[in-house]
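First the structure, which I've put down as structure tokens, then a few questions once you've had a look.
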Amino acid sequence: MTFQILKTDKAMKLLSLLIGAASFMYFVGPEVLNPLSLGWMLSGDPAQHLLGWLTFKETPLLQLPFGMNYNYGSEVSSSIVYTDSIPLVAMLLKPFAKLTDINFQYAGLWLFICFTLQSYFSFRLMLRLTDNKTYSLLFGALLSFAPIMLFRTQNHLSLCSHFLLVASLYLLISQASNAKWITLLCVSVLVHAYLLAMVFPVYICYLAYCLHAGDKLARQIVKLLVALAFLVFFMWFSGYFVVSNGLGIGGYGVFRMDLLAMFNPGQDYMSHLIKPNNNQLTNLEGFNYFGFGAIISAFIACYAYFSNRELFNTSIDKYKAFVLIVVLLIYVFSVSNTVSILGYTIIDIRIPRIVHKVLDVFRANGRFFWIVYYALFSLIFYVIYKVSKFKSIPVLAVALLIQFVDVSGYRHYLDIKHINNITSSKNYSDIPENIEYTKISKIEMIPPADFAGKNNEILYWGVKKNLPVNYGYLTRFDGKKVAEQQIEINNLLKNKNLEAGSLYLIGKSAVSMLSSCGKETVTCVDTKFGKAMYLN
């Protein structure tokens with residue numbers, strides 16, 4: 001009786017969520033769930049995400065676009081979108097954050113959600129394919145710590161939202177309604193633009209399927225236009241369009257996927273069983289390691305398929321051909337015009353500059369393989385199940401065990417990284433207090449380039465005093481605004497006309513400004529960032 005209760009749909013769905021939660025607890029740990037724990041984020045890209053949120057929550061509640069974030073960069077600022085601060089959560093929490101002066105983070109909770117929903121949607125996906133709950137639970141467990149998701153937990157926290165990709169595959173094979181697709185698309189665009197760019201081709205495949213099934217073309221066009229209307233609205237509302245002169249900042253082909261990326265763990269901490277083999281690769285944006293358990297399963301699936309081809313419908317109709325073309329295009333885009341094997345470039349195709357500029361909008365093209373990655377995982381374990389329902393469960397269970405052993409060392413690496421971040425962030429609490437803040441309305445680095453490596457700490461200073469800062473790292477920035485800011489700085493250095501309310505941090509290339517320190521109208525003080533000055 002108890003076993004039958006556990007086999008009910010609700011119980012199995014809950015169990016899939018618990019499996020995801022268990023993966024989170026092992027690979028990330030409960031410490032990050034404390035909203036008051038900020039130190040683990042105050043380094044690298046997570047610092048950008050955190051500071052983007054902490055500055056955004058102090059912006060006016062009534063502003064349009066709602067996602068604008070003047071405090072982060074002031075004259076060169078853009079929006080919460082371009083600090084990768086998970087706009088969906090930031091905008092939902094902002095009204096409540098106005099009720100307290102406490103600085104808090106939500107990234108830890110979001111990671112927990114990512115792990116649990118990754119397991120849940122993976123379970124639902126395989127259940128739809130096989131109608132076997134036990135097998136589907138094991139599949140959900142396998143994907144709950146997919147290497148490509150784990151790898152992002154160290155830096156790109158919003159890009160851990162791989163459950164959106166798995167959910168898109170689930171909606172596709174479930175023939176879900178357009179309303180569900182629009183919901184998924186809108187959530188994706190409010191989490192990260194790259195995730196939208198991966199989910200959208202799957203949505204196009206859904207429309208193609210509807211057309212193939214006999215639905216009218218006009219109806220599919222209307223569906224698409226409605227979806228685009230919702231997307232454009234939420235993109236405007238969150239602040240995508242505040243940047244108009246810097247969406248393509250270069251990098252397409254540099255941040256590519258290697259042809260054998262599925263077999264390369266990239267770093268020692270990503271595999272106990274396979275040695276990294278990067279050679280000439282200068283970055284790991286194209287990291288797409290399958291994991292040793294999945295690699296073995298892929299070979300088993302290939303053997304099973306070719307030994308039992310009569311079990312599969314191998315005919316190619318127009319819809320299947322369309323899907324294959326979409327998959328191929330995504331794969332080609334992720335590999336790019338610079339093709340490499342084990343890090344060694346074997347083909348480098350020159351493409352027109354104007355085309356390259358368009359492709360640079362999604363310069364980290366190696367990430368695009370993620371949607372293919374999850375489709376391949378689903379195909380591998382569907383084939384294994386189709387060939388032998390009886391043997392499939394032990395095969396997947398063994399693959400799960402091998403996969404866990406292979407990537408289990410990542411937890412130790414992440415723990416050390418978080419400890420180091422917490423240690424280095426202790427300096428952030430040392431806020432200069434020898435300044436009359438009643439006279440200050442913003443902090444300006446003169447010039448920002450002289451404070452490289454210190455700008456996050458200065459931004460945190462601005463957060464503590466609720467002051468805008470004239471620079472912050474943005475994933476995309478408006479080149480025109482940056483040029484205008486540089487002109488203003490040059491004029492300031494030339495004329496030394498200080499602006500009331502500005503606290504100027506003087507960099508090594510702006511020491512000529514210090515000649516004004518002898519004036520009665522100017523106050524100059526020492527800070528841990530160097531000399532600072534402001535009008536009395």
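Note: Cβ is positioned from N, Cα and C throughout, glycine not excepted.
Nobody curates TrEMBL annotations by hand; they come from automatic prediction.
From TrEMBL, for reference:
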TRANSMEM  12-29  transmembrane segment
DOMAIN    18-408  domain 'DUF6311'
TRANSMEM  104-123  transmembrane segment
TRANSMEM  135-152  transmembrane segment
TRANSMEM  182-209  transmembrane segment
TRANSMEM  221-243  transmembrane segment
TRANSMEM  287-306  transmembrane segment
TRANSMEM  321-347  transmembrane segment
TRANSMEM  368-385  transmembrane segment
DOMAIN    440-513  domain 'DUF6311'
By Cβ distance under 8 Å, which residues at least 6 away from the ends of the transmembrane segment (182-209) in the same chain are close to it?
81, 84, 86-88, 91, 158-159, 161, 164-165, 167-169, 171-172, 175-176, 220, 223-224, 226-227, 230-231, 234-235, 238, 240, 319, 322-323, 326, 329-330, 362, 364, 367-368, 370-371
Considering only Cβ pairs under 8 Å, which range in 12-29, 135-152, 221-243, 321-347, 368-385 makes the most contacts with the transmembrane segment (287-306)?
368-385
DSSP on the domain 'DUF6311' (440-513): how many residues come out helix, how many strand, how many coil?
38 helix, 11 strand, 25 coil
For the transmembrane segment (368-385), give me same-chain residues lying six or more residues beyond its boundaries with a C-beta closer than 8 angstroms to one of its C-beta atoms, as numbers and ranges.
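Answer is 125-126, 129-130, 132, 135, 139, 142-143, 146, 148, 162, 165-166, 168-169, 194, 197-199, 201-202, 257, 261-262, 286, 288, 290, 294, 297-298, 300-301, 304-305, 312, 327, 330-331, 333-334, 362, 392, 395-396.
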